[in-house]
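The feature coiled coil is assigned by TrEMBL to 110-137. Residues or ranges marked as domain 'EF-hand' by TrEMBL: 297-332, 333-368, 471-506, 507-542, 583-618, 715-750. Among the features that TrEMBL reports, region 'Disordered' is placed at 19-49.
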Amino acid sequence: MPSGARDLSSTTGSTAWRSFADLANDSRASSKSSRMRTKSKGLPSLPPIVPVHSFDQILHSAQQRAARRRARERKEKDNDLMQLPFLDLSLAHRHTIKGYRTFLAVVEHVHGKEEERSEARRRKAEEEQKKAEEIARMTRLTLLATSALTEKNEEDVLTSSAISKHVVKDRIMTQEQKRKQEDETIKAAEIEREKDPEEVAEILKPPDFPAIIDRLNSDPISGFSDRELERIEEQFQVYKTPGQSDVHADRLYELLASLGYTTIEEEMIRKIMSEVTRYSSLDLSELISFLARYAHFEQATIRKSFHEFDTDESGELSTGEVQAVLKAMGCSPFKGTLQRLIDAVDDDSSGTLDFNEFISLLLVYRQTDGFSHKEIRQMYRTFCRFAVVDNNVKKVPQYRLTTALIFEFGAQAADLARQLAKQDGRSMRRAKSLWMMASSRRTSLNGTEKSGSGSLTFRQFVTWSRRMKEGEINEYVRQFQRFDQSQDGVLDRSEVKQVLKKMGYMPLRSNIQDLFQAVDADGDGTVNLEEYLEMMDYFKRWDGFTGAEAAELSAVFKRHANMDGEISTMQIMDILRASGRSTSLRKIQQLVAKVDVDETHSLDFKEFLRLMRLLREEELGQARQAFMLTLKDILPKEDFVALDPDDENVAIPRERLQLPVRLLELQTDMVELQGLADRYAIDAALDFDSFVNLVDHLRRNRQARKKKQASFEDSEVTSLQSKFSFVDRDGSGEIDRDEIPRLLKPMGMELKSKDDQRRLMALIADARRWAAECGVPQEECGKHGTAIVRFPVFLFMCRLLQREKEAKALAEEEEEARILGFAEVQVKKLHSKFCFWVARMQEETEASESQDGQDFNLTLSVDGFGKLCEHINPRLSSEEIQDITAALPKLHDFPTIRTEAHVEELMKVAEEEEETEAVEEELLPEVQQVSFPLFVRSMKWMLERNLGQMQDAFKL
């Protein structure tokens, strides 16, 4: 195309474009005025007109930008050359010696500048490389710190090696072995986490250290990194309100925790929330703005805490300073757990932590609230026991929180659990501790009540457990200060003994010795505050038993526990009888109800320990009573009145031991008693601890003898011996298959079929095996596979038959409840409540237990039944309780319920008109005792009539 044509075309195009642009501007002006008019009328505005550039204009604009860039580069080069004021740059282009020298100077200057720029780039690359290596190192240390919490008693991952002190090769090999061990530890922890449920894995997963340290070291106000924005968007999708595109203010606490924020304060959340929006929810852009401000606050808070305790301004914290920082943040760290974490993140074993190492420790500690992985998994099992499913999410209702905490921390912490559960949730949100999460009963950030607020997620339950642990520690500190009578900052053995007595225990010297061996590291016979806290944790873990005693009980429990790690009421009775204790189903049911916190009618190991502790305290109480009665008989009246019961120097003479032994009903002879007195007496007298050791020895001898007679009392053995001798006409001491039926028929076992005969042979085999385990000589056990039975085996056969009857009676009690329509969980809870109430009423009335050995079922008086109904449903009025009591005769007289048709007939009988009540009362006998089946019938009757809104009460 000719140049003139090109110019004309260009001119024409530009003129046309200007005309088009003028039209577009006029159109936008008219459109703006139109939008102003339509806006007032409520009509939608027209979209703006966007001009479209031609190709020539786009090309011309690009060429102009390139020209400006080249001019800017030339100017920068000239500015560099102008820094040589002694040179005339015009001479550099002349073919002269002076011009050549000028040219060389210019070249040297430009090359020097390039070297400076290369050096700057090299330094920047080295800094980035060091930063990446530091992040990789701290990420690895964070994984190691997380792995260090896999077990509470796990050995430290990082240990110093003596081999590394010899030669370089050995040192390198040691480092390789050390790294291999670290890799194995990290991998093992990862494999364990893969087996965990989602809620547990979320808490146990290692923190994202690179992302968090990048956030702490950057300026969040200027904007987050792309990686952090991705994490924010991911959590936004998790916590946003279903069906909406925003996050409610009540979810910000959990969102901050999930992003790894270590300092979470509700007051600051409210403040920043009010600065970002005036609404109660945030969209994504508002959430990013909120997090930028909060990240700035977190940076200032953590660095301030770090520098405040870095007194020597070395940029590092010692172990003591780390502990002080955590305490200032509101956490009382466990010494063992904290030391394992410090050893894990202290890569150079210097005993100090720099800022990054401190952040790593803080993140790991914050992730699990200071608990080990084993403790977190145990908490989840407790959480699942009391949780209900709400919108496919497990949550613990608020009304179950107290029971759940007592189950987790033991009956010793019951008062503290009740106290914490009653506190207002707002007090916890006001706390500035990073460990205290919002409670289940929360109000929203705008002051209104949050919907569905009466339950806790697993993360919240873990935080409540941390708060419970903090409360325990605070209580221990107060105890320490109260009993530190000498005000020297330590407690001796006598002071520790007084503390344990105040807690409701009766400690012996063996218990105190075991405690001091476990925690008194320096062996000075005293414990400081930190050692005292460890001592209380050790004492509570084994519920007052020594380590050896607890290990023995643990082995017994594991032999009988099911797949869920629990033992039933019948198994507990087997354990006690196998140890030589004489007990009945009635007493076992009451004991189980006292310690069955979750009301499942079965016990886990902690509950089993508590039951054994109750039995032990009962034995010690009996020994104490016999000891004091003996002193009362020995001492003059005025001396006995002035006697201090806690005085360890109080003792009874060895020649007066017959009286307390007789009071405890321990059968022995003078030879055995004098031998034991020689063994345990101190200066011809026995103090209380020595007396308990003597009594325990006699009990062990008695229990060993009773084990061989199937834990029957001597009177029962005599009765069974007479029955056995009556059948054993020839006096051979043996009975055969033909004689056994006559002996077993009165016990309810008849041999009418081959199945009965097979059952008999199985019974004999089980009795022989049990007798051999209990120490019966082999010749007394007889030959296996034969039907010839000697008397010791016959005793164990009788015990097994009695156990069958007891198990049948227990099953029949609960079977009728299931037919009445109660779920399995409700049956167990009702049975546990009933047994517990029977035990409580007997303690109040000091009623004695029936020991006839035939009546296996517990019963409750009518008055106690009314109190139990009022306990289950406090909304029942006195008139309604009278109606329930009046209906008992009709409910009791109804035949055994076998089918659902029987249930309908029972309800019809209970709903008869009032005019027939007088006649029925004359015909039906008055009910004196309420059994569990009758109790369940009355519950069903109340549910059908909904007395006192009973249906709502049962939902809880």
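Every residue gets a Cβ built from N, Cα and C, even glycine.
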What residues elsewhere in the chain lie close to the domain 'EF-hand' (471-506), defined as a C-beta under 8 angstroms and at least 6 residues from its ends? 332, 409, 412-413, 416, 419-420, 512, 515-516, 525-529, 532-533, 535-536, 539, 544, 617, 620-621, 624, 646, 648
Give the nonlocal contacts of the domain 'EF-hand' (507-542) in its own chain as ranges (CB under 8 Å, at least six residues past its ends). 334-336, 409-410, 412, 472-473, 476-477, 480, 489-493, 496-497, 500-501, 548-550, 609, 689, 692
With DSSP as the yardstick, break the domain 'EF-hand' (471-506) down into helix, strand and coil residue counts. 23 helix, 1 strand, 12 coil
Using DSSP, how many residues of the domain 'EF-hand' (507-542) fall into helix, strand and coil, respectively? 24 helix, 1 strand, 11 coil
Residues in the domain 'EF-hand' (333-368) per DSSP class, helix first, strand next, coil last, are 24 helix, 3 strand, 9 coil
So what's the average pLDDT for the domain 'EF-hand' (715-750)? 83
